[in-house]
């Protein structure tokens, strides 16, 4: 494996990657080059260039010695690689190394793949040698960057500079050498344009990451940190995109891909976290919530594929996720209690801003061989300059012709769109089509059940409302039964029955039950409006249930009467012209590929080196190779112009016969109807979802109050038993000696003040009820009923739905109380109104997408399953 995941001396430094160098084998460059000089020039010239030949030999030997198992320091290896690459550039213009018998055909370069060491490339081409040297130069720079202590500011600066240099080496390889090195029959994946491009983005990501760490260290604002962090994530995302497609998808170990994937998600989430801090300071709480949820969703998703990742990276992600979760909880609470903002969906948010502070280091100066004196006497410098001038001539030809081809293709697209072709021909044949955005919206509606599925969801609303109503009635009956029993004993015992009346203790509980009843009534009214809306608009929405939806579009029909019966001829001529236009487009694509292939293979260096005439004459002869392609391009463009004129004439005749304008108007009317149906369906669907969440949350609140009522009744039952025992003792005239001066009857405490009741052996009185007939509590002794403090409750509202604009939910959320068993006598305070839609998770093309709970997953009655909507996500009901 040619990668390394390591850290600096600081245990807090994030994990980064370095690239191992490619391996090679020993080879003899000295003898073949010397023989070429002696044969083509003279033995004297070969003797003169002995020092230059030895220098090249020493450079190659040093690289061979450090190949795979380097012994020299990284900086020394970097200098050797740069010197050897410049020497190779000089040699390229002087020594034609190739399989040709008239050139140097005894030199074979061998290099192994850096990531799959068992794969190797063998070429008789100096381009492979140059590409491998550049790759190793980038790898050494990455190792230098990883060697710095990134726990310090200066260490991070130097590491960032080294990663930038590595990116520069890989970028230079991609743009100048990689395609030439891939021409040979024997190649390796690590030298492909795709691979070195991926490594360039990876090195830029690590360089920007160092900048981000320094930005955090010097205390920059959250907004600046968010922009820099987002750019780190973008670089990692670009590297990950290359790793996930051929030829790299099967070439790297899973641990490598997991590392890049985790980094991409980590810095996207980091940007969300930092941006959220800035939003919080600006009191833009709704967007803060959406950004934090999007970032947390990305981290949750990426942890599923974290196998093989470094423990330090997983720890950093866990810490970040914890910070984001705390901020999210805080923002949700503040929004629910103070701001009452509507939380947008992640898809509606603009992309996070990004700011790049790194770019590949230009390597032209470092690798410029124009000042090298190696073999200077062998070939004049003007030969190298002449080759550069010819390359510029070829580039100008390619650029000019490519622009002509692109303009011709764009002209075709615009003209056909103006004539509504080929859509009108397809419509005549019954192949109607929808705009892509409209088609996607319809698919989303049909996947969620469509209008036909609304009845089932309405039934869920009815069932949930019924369950809540039944629970409310049962709770009220508990209190009523206890109150009746208390009244019976009060009438029987008179003044001896001294405990507080039930009505004075259950006022708050009864008030809450009354509010729940009012909530249910208002919700029932909202349900009725939803059902009425479904009924009133079902005819409009039914179009969305069609399969396929294109069947709802108008068809282009033939005229009822034809004067000359030439409709088929007109349609046939138009189809034929469109097929010809398509053929011309395919020809243009082939011509552009041919131009690029010619440029890739165009190497006049051997001819330039052996030419004895004028270089201008050679250039004119060589550049003429492109003349026939340029002529083909000109003919193709001219033929297209003429064909478009014919198509325009045919289309005018076609439009007149088939009344195309009326068809277009009818089609646009259908599009408008479909869009209106989608809008109405989405509005109703959102209201139903709010209703479902309202009832589930209300069920939890009623369950809580019902439990409090049960506890109250049990406590009162125990008090009743103890009081009956005391009354029996009093009637029998038995009391303790130390209570002779006290009151005859016990005084029961007020709410919140428990009192121990003395016990005696009561005398049985036939007129008193038997205490053994009263239910005994499960616990041995419970305190008297104590109404605790009651938290503030929310107010409720009921907006009327209006289908012209987006309306708040027709539901309001009931207040809830928790933490203490019973409510106090404190008056409720005004609170927020329920009317916000549910929070939804982020969805996007770059990254990361969470699925919310679907309404269809609510359990059927009696709905005993746990609520899928936690109170802090469903509305303004919040248990304290």
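The backbone N, Cα and C atoms fix where each Cβ goes, and this holds for glycine too.
TrEMBL assigns the feature coiled coil to one of the listed ranges (398-425, 426-453, 454-481), namely 454-481. In TrEMBL, the feature coiled coil is placed on 574-601, out of the ranges 518-545, 546-573, 574-601. Using a Cβ-Cβ cut-off under 8 Å and counting only residues 6 or more beyond its ends in the same chain, the coiled coil (454-481) has close neighbours at 502, 506, 509-510, 513, 516-517, 520, 523-524, 527, 530-531, 534, 684-685, 688, 691-692, 695-696, 698-699, 702-703, 705-706, 709-710, 712-713, 855-856, 858, 860-863. Model confidence over the coiled coil (454-481) stands at 91, taken as the mean pLDDT rounded to a whole number.
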